[in-house]
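Chemist: I have a structure here, written as structure tokens, and I will follow up with some questions on it.
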């Protein structure tokens, strides 16, 4: 913040007062409505140039419900905080409903040996790097299908790839950095199949800004005839989310889509991909859970659910979207309230986070806590009243946060420390005067005052499942 020592006190006072005041609710409501209307025009075919009226308000509410349904949000028909949060995420420019600049006929190539041409390049990457990422993006789609892709350096190609900006002649202008990243057209002649990338974005090969491979692979899905998916783990989900390219495999939802259009590959063994966990799966079990500054995080494979206590909403995200340096399949986690840190564990390694930032010197080995080599992984962990409890198989270890060493008498059986908890623990966190233990599809509420289990229920009740 600028220091205004030379300015008159009165001006300084008014400046500080203005910046300290919250945005008036009516201004915020108007801003959110404009954001919503603009978004719905682009992606849900809300007619343009609509003046405010009761009829148009009803149309906007219906379009909002359609958008909320697509993203798995409560269908309020209002531009609430959760809806605006989704709308402000960077994404693909192809609409989520209807067709994108209709091309005649069925959105499917009649031949499977497709050609592509890279018209120009982004200045942030070398030509060789762009070529490599584009090749990888096409390979993602060729492995599970009968499609092949060959680059041509001149002449006509089925799919033309270009980096362009703003209004570039296809009636679908880009909007500058961090909005619409790219778009592509369904199969057909002329512009059909072509993919355009916003040249004002910063394109990379890693987790910084926008990974070209991930965005290109998504857009080429449109070039092949796929529409957007409601599965948040699918490549064809409209919003951008970083995933580690070196270990990336096409999700099952996308495999099913491309094979529906073009059939399976000729390989005797068909590839399978990861599936997105379903919150209300009756067999769902968490890998880890922790609190973080009032929110609750439930980890599963490469995903986590985030529960907002105030909003009463739960959203599913990629771990890599928030913490690109963390591995998938985390096994334990806990929040140290005194140090305002969250610790996450996998195997014998652990990481320390301050909100979304990795602390220096991590990952470290769990031997720092005093674990012997015989302990190869931690099942769950929770910190309370200066002690951290670690759960390994049927044993409980207790660590003193001040002395930074294990307490005498530990490890001991979990049931001897927490009567009624007679099972292996998958995840645990503390809320009020309770430890919430998760084991398989159930959770146990253990009262820390009465020292007994007071409730046993389904784990996914925490994900708002009926």
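Any Cβ shown, glycine's included, is placed from N, Cα and C.
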Chemist: Pick from 158, 167, 231: which one does Swiss-Prot list with 190, 192, 194 for the same Ca(2+) 1 site?
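Modeler: So, going by the record in Swiss-Prot, that would be 158.
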Chemist: Identify the motif 'Cysteine switch' range according to Swiss-Prot, selecting from 74-81, 82-89, 90-97.
Modeler: 90-97
Chemist: Given the candidates 56, 120, specify the residue that Swiss-Prot annotates with N-linked glycosylation site.
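Modeler: That would be 56, per the N-linked glycosylation site annotation in Swiss-Prot.
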Chemist: According to Swiss-Prot, 287, 426 bind Ca(2+) 3; which one of 336, 338, 340, 379 is listed for that same site?
Modeler: 379
Chemist: Using DSSP, would you call residue 198 (Ca(2+) 2 binding site) helix, strand or coil?
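Modeler: The three-state answer is strand.
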Chemist: Going by C-alpha positions, which of the binding-site residues (175, 178, 198, 218) is nearest residue 158 (Ca(2+) 1 binding site)?
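Modeler: Checked the binding-site residues 175, 178, 198, 218; minimum Cα distance to residue 158 (Ca(2+) 1 binding site) goes to 218.
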Chemist: Enumerate the residues of the same chain, 92, 218, 222, 228 excluded, that satisfy the criterion Cβ within 8 A of the mean position of the Cβ atoms of the recorded Zn(2+) 2 site; list them in sequence order.
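Modeler: What remains near the Cβ centre is 94, 183, 184, 219, 221, 226, 227, 236, 238.
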Chemist: Return the average pLDDT for the repeat 'Hemopexin 1' (277-326) as a whole number.
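Modeler: Averaged over the repeat 'Hemopexin 1' (277-326), per-residue pLDDT gives 91.
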Chemist: Below 8 Å Cβ to Cβ and six or more residues apart, same chain only. Which residues does that give for residue 426 (Ca(2+) 3 binding site)?
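Modeler: When sequence neighbours closer than 6 are ignored, residue 426 (Ca(2+) 3 binding site) has 285, 286, 287, 288, 379, 380, 438, 439, 440 within Cβ distance under 8 Å.
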Chemist: At the Cα level, what's the spacing in Å between residue 176 (Ca(2+) 2 binding site) and residue 168 (Zn(2+) 1 binding site), rounded?
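Modeler: Taking the Cα atoms only, residue 176 (Ca(2+) 2 binding site) lies 12 Å from residue 168 (Zn(2+) 1 binding site).
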Chemist: Among the binding-site residues 175, 183, 192, 198, which ones place their C-alpha within 10 angstroms of the C-alpha of residue 218 (Zn(2+) 2 binding site)?
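Modeler: Close binding-site residues: 183.
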Chemist: Using residue 183 (Zn(2+) 1 binding site) as the reference point, find which of the binding-site residues 192, 222, 228 has the shortest Cα-to-Cα distance to it.
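Modeler: Of the binding-site residues 192, 222, 228, 222 has its Cα closest to that of residue 183 (Zn(2+) 1 binding site).
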